[in-house]
Amino acid sequence: MRLHVADHPLVAHKLAVLRDASTPSVTFRLLVDELVTLLAYEATRDVRVDTVEIVTPVATTTGVKLAQPRPLVVPILRAGLGMLDGMTRLLPSAEVGFLGMQRDEETLEAITYANRLPDDLSGRQCFLLDPMLATGGTLVAAIDYLTARGARDVTCVCLIAAPEGLAVVEKAVGERADVSVVVAAVDERLNEKAYIVPGLGDAGDRLYGVV
Ligand code: URA
(Lines of atoms letter the chains of each structure in order from A and count residues from 1; the text may use other names and numbers.)
(Lines give C-alpha, C1' and ligand atoms only; values in the text may rest on other atoms or scores of the structure.)
Protein backbone atom coordinates (compact mmCIF):
# COMPACT_ATOMS: atom_id res chain seq x y z
CA MET A 1 0.00 0.00 0.00
CA ARG A 2 1.27 3.45 -0.86
CA LEU A 3 0.30 6.45 1.27
CA HIS A 4 0.31 10.00 -0.03
CA VAL A 5 -0.41 12.84 2.38
CA ALA A 6 -1.19 16.00 0.44
CA ASP A 7 1.16 18.59 1.83
CA HIS A 8 -0.20 21.93 0.69
CA PRO A 9 -1.20 25.08 2.61
CA LEU A 10 -4.58 25.29 0.84
CA VAL A 11 -5.35 21.71 1.82
CA ALA A 12 -4.33 22.43 5.41
CA HIS A 13 -6.39 25.64 5.50
CA LYS A 14 -9.56 23.99 4.19
CA LEU A 15 -9.11 21.05 6.54
CA ALA A 16 -8.79 23.38 9.54
CA VAL A 17 -12.15 24.98 8.69
CA LEU A 18 -13.71 21.53 8.22
CA ARG A 19 -12.48 20.41 11.62
CA ASP A 20 -14.06 23.41 13.36
CA ALA A 21 -17.23 22.22 15.10
CA SER A 22 -18.92 25.57 14.40
CA THR A 23 -18.63 25.22 10.59
CA PRO A 24 -22.20 24.78 9.26
CA SER A 25 -23.18 21.99 6.82
CA VAL A 26 -23.45 24.32 3.86
CA THR A 27 -19.82 25.50 4.27
CA PHE A 28 -18.70 21.99 5.16
CA ARG A 29 -20.10 20.56 1.90
CA LEU A 30 -18.49 23.30 -0.15
CA LEU A 31 -15.10 22.79 1.49
CA VAL A 32 -15.21 19.01 1.10
CA ASP A 33 -15.89 19.56 -2.57
CA GLU A 34 -12.92 21.92 -2.95
CA LEU A 35 -10.62 19.76 -0.87
CA VAL A 36 -11.45 16.63 -2.87
CA THR A 37 -10.65 18.43 -6.11
CA LEU A 38 -7.19 19.16 -4.71
CA LEU A 39 -6.81 15.55 -3.55
CA ALA A 40 -8.08 14.29 -6.91
CA TYR A 41 -5.17 16.04 -8.58
CA GLU A 42 -2.78 13.94 -6.46
CA ALA A 43 -4.86 10.77 -6.69
CA THR A 44 -4.90 10.81 -10.49
CA ARG A 45 -1.16 11.28 -10.92
CA ASP A 46 -0.86 7.73 -12.31
CA VAL A 47 -4.10 7.67 -14.28
CA ARG A 48 -3.53 5.75 -17.50
CA VAL A 49 -3.31 7.68 -20.74
CA ASP A 50 -2.78 6.87 -24.41
CA THR A 51 -0.69 8.95 -26.77
CA VAL A 52 -2.70 10.61 -29.52
CA GLU A 53 -1.86 12.73 -32.52
CA ILE A 54 -3.39 16.21 -32.59
CA VAL A 55 -3.50 18.84 -35.28
CA THR A 56 -3.15 22.33 -33.82
CA PRO A 57 -3.81 25.40 -36.01
CA VAL A 58 -0.05 25.47 -36.56
CA ALA A 59 1.31 21.92 -36.65
CA THR A 60 0.78 18.27 -35.91
CA THR A 61 1.92 17.13 -32.49
CA THR A 62 1.27 14.46 -29.92
CA GLY A 63 -0.72 14.68 -26.72
CA VAL A 64 -2.46 12.23 -24.40
CA LYS A 65 -6.01 11.26 -23.58
CA LEU A 66 -7.38 9.06 -20.83
CA ALA A 67 -7.04 5.39 -21.74
CA GLN A 68 -9.86 2.85 -22.02
CA PRO A 69 -11.45 1.33 -20.03
CA ARG A 70 -12.55 4.51 -18.34
CA PRO A 71 -11.64 4.92 -14.65
CA LEU A 72 -14.33 4.00 -12.13
CA VAL A 73 -15.12 6.30 -9.21
CA VAL A 74 -16.91 4.65 -6.28
CA PRO A 75 -18.20 6.78 -3.42
CA ILE A 76 -18.94 4.80 -0.28
CA LEU A 77 -22.39 5.90 0.87
CA ARG A 78 -23.33 7.96 2.64
CA ALA A 79 -20.43 10.27 3.43
CA GLY A 80 -18.46 9.43 0.28
CA LEU A 81 -21.24 10.97 -1.78
CA GLY A 82 -20.09 14.39 -0.56
CA MET A 83 -16.78 13.73 -2.36
CA LEU A 84 -18.19 12.69 -5.72
CA ASP A 85 -18.53 16.05 -7.46
CA GLY A 86 -15.03 17.12 -6.41
CA MET A 87 -13.60 13.95 -7.93
CA THR A 88 -15.60 13.85 -11.16
CA ARG A 89 -14.81 17.52 -11.78
CA LEU A 90 -11.27 16.37 -12.65
CA LEU A 91 -12.37 13.04 -14.15
CA PRO A 92 -15.59 13.91 -15.98
CA SER A 93 -15.41 10.87 -18.26
CA ALA A 94 -15.14 8.40 -15.36
CA GLU A 95 -17.93 5.94 -14.69
CA VAL A 96 -19.49 6.04 -11.24
CA GLY A 97 -20.35 2.97 -9.16
CA PHE A 98 -21.84 2.97 -5.67
CA LEU A 99 -21.23 1.03 -2.49
CA GLY A 100 -23.50 1.49 0.50
CA MET A 101 -21.63 0.59 3.65
CA GLN A 102 -22.25 1.29 7.25
CA ARG A 103 -20.33 0.35 10.32
CA ASP A 104 -22.09 -1.56 13.05
CA GLU A 105 -21.55 0.82 15.99
CA GLU A 106 -21.19 -2.14 18.40
CA THR A 107 -18.94 -4.54 16.51
CA LEU A 108 -17.45 -1.73 14.34
CA GLU A 109 -17.66 -4.14 11.38
CA ALA A 110 -18.66 -2.94 7.93
CA ILE A 111 -22.14 -3.94 6.71
CA THR A 112 -22.85 -3.62 2.96
CA TYR A 113 -26.44 -2.52 2.30
CA ALA A 114 -26.18 -1.53 -1.39
CA ASN A 115 -23.92 -2.00 -4.34
CA ARG A 116 -24.02 -0.92 -7.96
CA LEU A 117 -20.78 -1.85 -9.68
CA PRO A 118 -19.81 -3.32 -13.04
CA ASP A 119 -19.35 -7.12 -12.77
CA ASP A 120 -15.95 -7.05 -14.45
CA LEU A 121 -13.39 -4.58 -13.18
CA SER A 122 -10.32 -6.17 -14.71
CA GLY A 123 -8.08 -3.50 -16.18
CA ARG A 124 -10.07 -0.70 -14.54
CA GLN A 125 -8.44 1.94 -12.39
CA CYS A 126 -10.77 2.40 -9.43
CA PHE A 127 -11.04 5.38 -7.09
CA LEU A 128 -12.78 4.74 -3.78
CA LEU A 129 -14.12 7.78 -1.94
CA ASP A 130 -14.57 7.71 1.83
CA PRO A 131 -13.84 10.80 3.93
CA MET A 132 -12.78 9.10 7.18
CA LEU A 133 -10.37 6.16 7.24
CA ALA A 134 -10.97 5.24 10.87
CA THR A 135 -10.77 1.52 11.77
CA GLY A 136 -10.14 0.62 8.13
CA GLY A 137 -12.95 -1.98 8.20
CA THR A 138 -15.14 -0.22 5.63
CA LEU A 139 -12.29 0.49 3.28
CA VAL A 140 -10.97 -3.08 3.43
CA ALA A 141 -14.49 -4.41 2.73
CA ALA A 142 -14.80 -1.99 -0.21
CA ILE A 143 -11.38 -2.98 -1.60
CA ASP A 144 -12.47 -6.63 -1.26
CA TYR A 145 -15.59 -5.89 -3.32
CA LEU A 146 -13.54 -4.35 -6.08
CA THR A 147 -10.79 -6.97 -6.13
CA ALA A 148 -13.39 -9.77 -6.16
CA ARG A 149 -14.53 -8.26 -9.48
CA GLY A 150 -11.01 -8.23 -10.87
CA ALA A 151 -9.77 -4.74 -9.95
CA ARG A 152 -6.03 -4.64 -9.29
CA ASP A 153 -5.46 -0.91 -9.18
CA VAL A 154 -7.34 0.88 -6.41
CA THR A 155 -6.77 4.41 -5.14
CA CYS A 156 -8.59 5.39 -1.95
CA VAL A 157 -9.23 9.10 -1.52
CA CYS A 158 -9.92 10.08 2.09
CA LEU A 159 -9.89 13.37 3.96
CA ILE A 160 -8.44 12.10 7.23
CA ALA A 161 -6.91 8.76 8.22
CA ALA A 162 -6.12 7.28 11.62
CA PRO A 163 -2.80 5.42 11.93
CA GLU A 164 -4.72 2.36 13.20
CA GLY A 165 -6.89 2.25 10.07
CA LEU A 166 -3.93 2.68 7.74
CA ALA A 167 -2.23 -0.29 9.43
CA VAL A 168 -5.36 -2.42 8.97
CA VAL A 169 -5.59 -1.58 5.25
CA GLU A 170 -1.88 -2.19 4.77
CA LYS A 171 -2.10 -5.61 6.43
CA ALA A 172 -5.29 -6.61 4.60
CA VAL A 173 -4.34 -5.72 1.05
CA GLY A 174 -0.83 -7.17 1.09
CA GLU A 175 0.26 -8.04 -2.44
CA ARG A 176 -3.31 -8.69 -3.64
CA ALA A 177 -3.70 -5.40 -5.42
CA ASP A 178 -1.93 -2.19 -6.14
CA VAL A 179 -3.54 0.03 -3.50
CA SER A 180 -2.81 3.70 -2.83
CA VAL A 181 -4.30 5.91 -0.16
CA VAL A 182 -4.38 9.67 -0.70
CA VAL A 183 -5.31 11.78 2.33
CA ALA A 184 -5.25 15.39 3.46
CA ALA A 185 -3.98 14.41 6.92
CA VAL A 186 -3.07 11.49 9.16
CA ASP A 187 -4.40 12.25 12.64
CA GLU A 188 -3.26 11.09 16.08
CA ARG A 189 -5.45 8.10 16.92
CA LEU A 190 -8.91 6.61 17.33
CA ASN A 191 -10.92 7.17 20.50
CA GLU A 192 -12.88 4.46 22.33
CA LYS A 193 -15.84 4.97 19.97
CA ALA A 194 -13.55 4.60 16.94
CA TYR A 195 -13.79 8.28 16.03
CA ILE A 196 -10.67 9.90 14.66
CA VAL A 197 -8.93 12.28 17.10
CA PRO A 198 -8.83 15.23 16.58
CA GLY A 199 -10.76 14.44 13.36
CA LEU A 200 -13.85 16.38 12.39
CA GLY A 201 -16.64 14.33 13.97
CA ASP A 202 -19.11 12.27 11.97
CA ALA A 203 -18.49 13.26 8.35
CA GLY A 204 -21.91 12.04 7.17
CA ASP A 205 -23.74 14.00 9.85
CA ARG A 206 -21.70 17.11 9.18
CA LEU A 207 -22.40 16.87 5.44
CA TYR A 208 -26.06 15.92 5.58
CA GLY A 209 -27.29 16.37 9.16
CA VAL A 210 -28.22 13.73 11.73
CA VAL A 211 -30.83 11.60 9.94
N1 URA B 1 -16.45 8.12 10.65
C2 URA B 1 -16.60 9.46 10.80
O3 URA B 1 -17.45 10.07 10.16
N4 URA B 1 -15.79 10.10 11.66
C5 URA B 1 -14.85 9.47 12.38
O6 URA B 1 -14.12 10.12 13.16
C7 URA B 1 -14.71 8.07 12.22
C8 URA B 1 -15.51 7.43 11.35
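Placed from the backbone N, Cα and C atoms, the Cβ positions cover glycine too.
Values in this document were obtained by computation on a predicted structure and should not be read as measured data.
Taken straight from TrEMBL:
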type	residues	note
BINDING	R78, R103, D130, P131, M132, L133, A134, T135, G136, G137, T138, D202	5-phospho-alpha-D-ribose 1-diphosphate binding site
BINDING	I196, G201, D202, A203	uracil binding site
DOMAIN	5-209	domain 'Phosphoribosyltransferase'
**Prompt:** In sequence order, what residues of the same chain, 6+ apart, have a Cβ less than 8 Å from the Cβ of G136 (5-phospho-alpha-D-ribose 1-diphosphate binding site)?
**Reply:** E164, G165, L166, A167, V168, V169, A172
**Request:** Show which residues of the chain containing A134 (5-phospho-alpha-D-ribose 1-diphosphate binding site), separated from it by at least 6 in sequence, have their CB under 8 Å from its CB.
**Result:** A162, E164, G165, L190, A194, Y195, I196
**Item:** Pairwise Cα distance for M132 (5-phospho-alpha-D-ribose 1-diphosphate binding site)/A203 (uracil binding site) [Å, integer]
**Value:** 7
**Request:** Compare the Cα of D130 (5-phospho-alpha-D-ribose 1-diphosphate binding site) against each of the binding-site residues G201, D202, A203 and report the nearest.
**Result:** A203
**Asked** Record lists R78, R103, D130, P131, M132, L133, A134, T135, G136, G137, T138, D202 as binding 5-phospho-alpha-D-ribose 1-diphosphate; longest Cα-Cα distance in Å?
**Response** 17
**Cβ neighbours of T138 (5-phospho-alpha-D-ribose 1-diphosphate binding site) where a neighbour is any other Cβ within 10 Å** = 26
**Message:** Show me the subset of G201, D202, A203 whose Cα is within 10 Å of R78 (5-phospho-alpha-D-ribose 1-diphosphate binding site); these are the binding-site residues I mean.
**Reply:** A203
**Residues within 8 Å of the I196, G201, D202, A203 Cβ centre (excluding the uracil site residues themselves)** = P131, M132, Y195, G199, L200, G204, D205, R206
